[in-house]
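Record features (TrEMBL):
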type	residues	note
DOMAIN	42-216	domain 'G-protein coupled receptors family 1 profile'
TRANSMEM	29-51	transmembrane segment
TRANSMEM	63-87	transmembrane segment
TRANSMEM	107-127	transmembrane segment
TRANSMEM	148-173	transmembrane segment
TRANSMEM	193-213	transmembrane segment
TRANSMEM	234-257	transmembrane segment
TRANSMEM	269-288	transmembrane segment
Amino acid sequence: MVVELRNRTDGQLEQVQPQAVVDTLIRNFIIYGIEGLIMTLTNIPIVLTILRYKAIRDQKEFIIVAGLAFADGFNGFGYLVAAIGRVNQLLSGNAFVLKSRWHCGTTVWNIFWTFTNSFAGLMLLVISIDRLLAVSIPLRYFTFTKRYACILVGSAFAYICIPATVSFVLAYQFQEPEFPAYCLTGMGMHDRYYNYFVMFHLVTSFGSVILYGPTLRRSVGTSELTKVARLKKVTYTLGIHTCFTFLFNMVPDLLILYSNIPSSSQTPFYLMLNLNAMMNILIFTLRFKEMRNGLKALITCRTKIPAATAKVQSIQTQTRNRAF
């Protein structure tokens, strides 16, 4: 559809849009902002709890959980910042001023998303790989320390920095004004890179679900010794998270990409993409007593968590012969 353009008194070009379009955008951006706020408030406390309390921080599984929560939390923060910025543009009458692809790519919210969206997808895959290792070589896995988990999370983030840098380099080549200033994600990326960006999240989510099949099969029927029972509990908990990944990441992604539903009616699917990240705090606090105790201690500003939580960690680390 051809959009009418007009010259502003300040010399800039802007799209002419009816009030109905403005109202729809404001409504959608406010909804995204609320989702972003919830994602931030339900994930950043997980990160802070794990970083603050040594008894939790020394458990490698929670380091990996912190990586996922970090990605989801700051992805949500990007939604919150975008909602504030875009609604402000719409109310001030500047949302439809044409900007370059480079300008859109360097808005605060798109910088956040360029990194965190892919990082969140890759962390889902990292979690599945970690669980597959845990049930495939449990005796060897018990000797791994948090250094192993830090290497996994750090490697995932380092990898994400490479394509993100490529995205900015490609976007820099497009300096001509062509997109409205509210700058959706794809408006700040080269078209081919945006296709990669979307497919990367879909493929990593799909891979995480596929890998969890053999992981769960291997974990069934293993020993009920304390450490192995703990391993199974973590595996099943992250398996629940993987089910939510399938429902709230893969299904809406596939519907957005391959259904014939018009883009104007796809808002509910985009909203579904964030539900998985919102479930993190519910899943981890219900399944892990140490996480519940840690969050309570964080909220009440205590410097230590109950001794029972620390005991879990000591059980996990005893009898180690060597560290990864």
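One-based numbering along the chain as shown.
Every residue gets a Cβ built from N, Cα and C, even glycine.
Any TrEMBL annotation is an automated prediction that lacks curation.
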Among the ranges 29-51, 63-87, 107-127, 193-213, 234-257, the one whose Cβ pairs under 8 Å to the transmembrane segment (148-173) are most numerous: 107-127
Contact set, same chain, for the transmembrane segment (269-288): CB under 8 Å, 6 or more residues outside the stretch: 31-32, 35-36, 38-39, 42-43, 45-46, 65, 68-69, 72-73, 75-76, 79, 120, 233, 237, 240-241, 244-245, 247-249, 251-253, 255-256, 261, 295
